[in-house]
Amino acid sequence: MGLGIDPSVAITALIVVILVVPMDCQRPQLVNIGAVFAFDSVIGRAAKVALEAAVSDVNNDKSFLKETELRLLMEDSACNVFRGSFGAFELLEKEVVAMIGPISSSVAHTISDIAKGLHFPLVSFAATDPTLSALQFPFFLRTTPNDAHQMSALVDLINFYGWKEVISVYSDDELGRNGVSALDDELYKKRSRISYKVPLSVHSDEKFLTNALNKSKSIGPRVYILHFGPDPLLRIFDIAQKLQMMTHEYVWLATDWLSVTLDSLSDKGTLKRLEGVVGLRQHIPESVKMEHFTHKLQSNRSMNAYALHAYDTVWMIAHGIEELLNEGINITFSYSEKLLHARGTKLHLEKIKFFNSGELLLEKLLKVNFTGIAGQVQFGSGRNVIGCDYEIINVNKTDVHTVGFWSKNGGFSVVAPKTRHSQKKTSFVSDEKLGDITWPGGGREKPRGWVIADSADPLKIVVPRRVSFVEFVTEEKNSSHRIQGFCIDVFIEALKFVPYSVPYIFEPFGNGHSSPNYNHLIQMVTDGVYDAAVGDIAIVPSRSKLVDFSQPYASTGLVVVIPANDDNATWIFLRPFTSRLWCVVLVSFLVIAVVIWILEHRINEDFRGPPRRQLSTMLLFSFSTLFKRNQEDTISNLARLVMIVWLFLLMVLTASYTANLTSILTVQQLPSAITGIDSLRASEVPIGYQAGTFTLEYLTYSLGMARSRLVPLDSTEEYEKALKLGPTNWGGVAAIVDELPYIELFLAERTGFKIVGEPFMHRGWGFAFKRDSPLAIDMSTAILKLSETRKLQEIRKKWLCKTNCAGKSNWNPEPNQLHLKSFKGLYLVCIAITVSAFLVFVLRMIRQFVRYRRMERTSSMPRASWSASPTLRLRELVFDFVEFVDEKEEAIKRMFRRSDDSNNNPSHVGEVQADTEVPRN
């Protein structure tokens, strides 16, 4: 009995079966993969063996590609771009699905472009150039870490030992240049840098290498980073030995090229030349696969990490091919339409085929994840293999031994990374350590890694050539041009505590007419023009970003200085006049007293009497003119004339004195409007600052003061002048803002000023060095040691306490005191009239005395005989004149009248003779 099936249903079922049930494609019997690399190279010789072994193992594993055989086709690039490119095209003609290699980074750049154009995967096991990026070369993969990863390990090693500056020696090709560029980037992250670069060509002769290394010796750092391709000759170390650069002062760090080279050497005697060199070696974890591979190739002792990566690369491509075949994708090839247009040329590019599923194979390779003999094979971002640890190797005279391990997340340790992970440690930064290292010269003590200076190349130190406050630092203005000052002495004394010799020279900076700008000083240290700067340099954040400062050797802070009011008002009544004017006024009273007494003595009874009475009358008369009308009246016209002028002068003096004293007392009672930086900031008065210092930057940017308010000043003389002029006069200021050491020196030399408010913006003075200079740390330690002695106080006393160290100012005469020159005109008039009156009086007395002497000669009255000696006669004459002047004017006139009457009436001759002798009162 047959089944009745509807034909339409049968057809539908057949279609569903065809669409749903997968059909296995015909697996190819043979799949070609290509390899382009330098056969006759340190890496190439080992890699060739590893590649052949890998293909053999893949084909022997029947559970893997099943009946498909993997065939390896190899072309020798000879580290040549042209030969490498030609070899790549040769392989493409033979229908390869993927290509392995090359070793050379320069060849890798070219073949990566070919892979990009023809869409086939290119997998390198040794091209470590970090610029071979997935963005630029999307079909390029590598199963070895790039140099950026290796440089990260090397920089951690540099940072582990505290070195900040290095010299890089590298091959002048893509590998060397781009590797050192990655090193520079990693060093920058650690605040370190490459001080000098030595590019070397593979064709450089011994003379060139010698000159290049010899030139680098003049640079301070002694840490050398070597980055080349493997060099079996190791010429660089022979030359370094000849130049005595393999001593205890030097550090030689090599990337993994050295370990690859050493693994290929059969003569261990070569190690003697490399004593103390430290390098990196890719860490290959122990595994069963590794043991099996090592046992299989035990006859080949030149095997290295890159050869192991080559072995894993073959397996990785095999995994990708297996994934493609399992998905039923056929291995097919096509001619490139672009290359078909080249038909007929001698290059025969039309024969080149490309794999149709190249992009799919690339996707499968990127998803590969298996454990190879070199470790885990898995790609991360940037299409670089994930994870790679390094061994830190050290060369002694007889062997190469491992002193530790490095991992990206774990840092350094003497325990292998696999062991640490098994102990479930997640952070090893605090436990970082390495084993004992033999350094160049055979020592175990870590080299300092740099030389500050030597006699041939001393430390160049720039110092400011100050023209004000020269006690701190300046250049002597004589033939010696010696640099001296407080800061210089501190530096020299601190340098004695540095545990090594530092030859140095001082070079002054500035035009000698004004103090230099200290920011320019710092910038020159940053730019490498000078190695350090010594002087009164304030440590401020903007400068600390450019240079490294030592420990402050002097504490500073900004302070506000204003004119001071004297708190002691005991002698305030003397301030309106200068001391010179007071002396002149006092002398004037005495002179007027004497002149009036002389003019009034003969005719005024009030000015006669005993000498004591006359002296008191004379002084009281003169000084009482200040306060009230005199009891004694002047009689003579000459005395009245003198008194008129004197009283006028006295009136002007009194009025001026009263006005000035009132002003002083008023100001004395008014409190200063400026009490500190806050009140100064709130006001609009002009402010002085020292030109060239950071004060201007702080006042404008930090406190927001208008630049128009700020007046640059450059010396203590300008400070004093500006403060005395005050804010109302052009060029004057209400206050000065400056650092405390300058102000202390200013107050020690200039009095009449004071500090108001508390110091602010507390900073210090330090010595500036180039960034990451080790001398900055050693000088800081030296300054701390110096401060524990009395030497720092002695230096301060020597330079800053020449006048006084009290820091408090004494009173200075008022700026608006009245001087003698203010009354010079009045005094000249008074002196002229007084002298004239006195001369008139004297002439009158002489005339009367002459007449009196004639009367004596014509009279018959006997008189004393004259002395024979002229001197005695002159003295007698003077005494007679004084006695004559002392007589009353009335008696003299009466005598003269009687003499005149006797001449007219002879009868009176006897009477006159009787009265010829002048009466004495």
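Every residue, even glycine, has its Cβ placed from backbone N, Cα and C.
Sequence annotations record features per position, and here Swiss-Prot assigns N-linked glycosylation site to ASN214, ASN300, ASN330, ASN369, ASN396, ASN478, ASN568 based on sequence analysis. Summarising the annotation, Swiss-Prot assigns region 'Disordered' to 896-921. Under the heading signal peptide, Swiss-Prot lists 1-25. Residues or ranges marked as topological domain 'Extracellular' in Swiss-Prot: 26-580, 662-822. Residues or ranges marked as topological domain 'Cytoplasmic' in Swiss-Prot: 602-608, 630-640, 844-921. If you look up Swiss-Prot, you'll see 581-601, 609-629, 641-661, 823-843 marked as transmembrane segment.
Structural mapping of features recorded in Swiss-Prot.
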residue : record                      : DSSP (3 states)
ASN214  : N-linked glycosylation site : helix
ASN330  : N-linked glycosylation site : coil
ASN369  : N-linked glycosylation site : strand
ASN396  : N-linked glycosylation site : coil
ASN478  : N-linked glycosylation site : coil
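Nearest in space to ASN214 (N-linked glycosylation site), taking C-alpha to C-alpha distance over the glycosylation sites ASN369, ASN396, ASN478, is ASN396. Nearest in space to ASN330 (N-linked glycosylation site), taking C-alpha to C-alpha distance over the glycosylation sites ASN369, ASN396, ASN478, is ASN369. Outside the transmembrane segment (581-601) by six or more residues, the chain places 574, 607-608, 614, 617-619, 621-623, 625, 632, 634-636, 638-639, 642-643, 646, 649, 653, 818-820, 822-823, 827, 830, 834, 837-838, 841, 886 with a CB less than 8 A from a CB of the stretch. ASN478 (N-linked glycosylation site) sits 79 Å from ASN369 (N-linked glycosylation site), taking the Cα positions as reference. With a 10 A radius on its CB, ASN396 (N-linked glycosylation site) counts 16 other CB atoms from all the protein chains. Tertiary proximity for the transmembrane segment (823-843) is limited to same-chain residues at least six positions away from its ends with a CB under 8 Å from its CB atoms, namely 581, 584, 588, 591-592, 595, 598-599, 636, 638-639, 641-642, 645-646, 648-649, 652-653, 656.
The predicted model assigns the topological domain 'Cytoplasmic' (630-640) a mean pLDDT of 73. Remark: of the glycosylation sites ASN214, ASN330, ASN369, ASN478, the most isolated position is ASN478 (fewest other Cβ atoms within 10 Å of its Cβ). Between the alpha carbons (Cα) of ASN369 (N-linked glycosylation site) and ASN396 (N-linked glycosylation site) lies a span of roughly 39 Å.
Look at the topological domain 'Cytoplasmic' (602-608): DSSP puts its residues at 3 helix, 0 strand, 4 coil.
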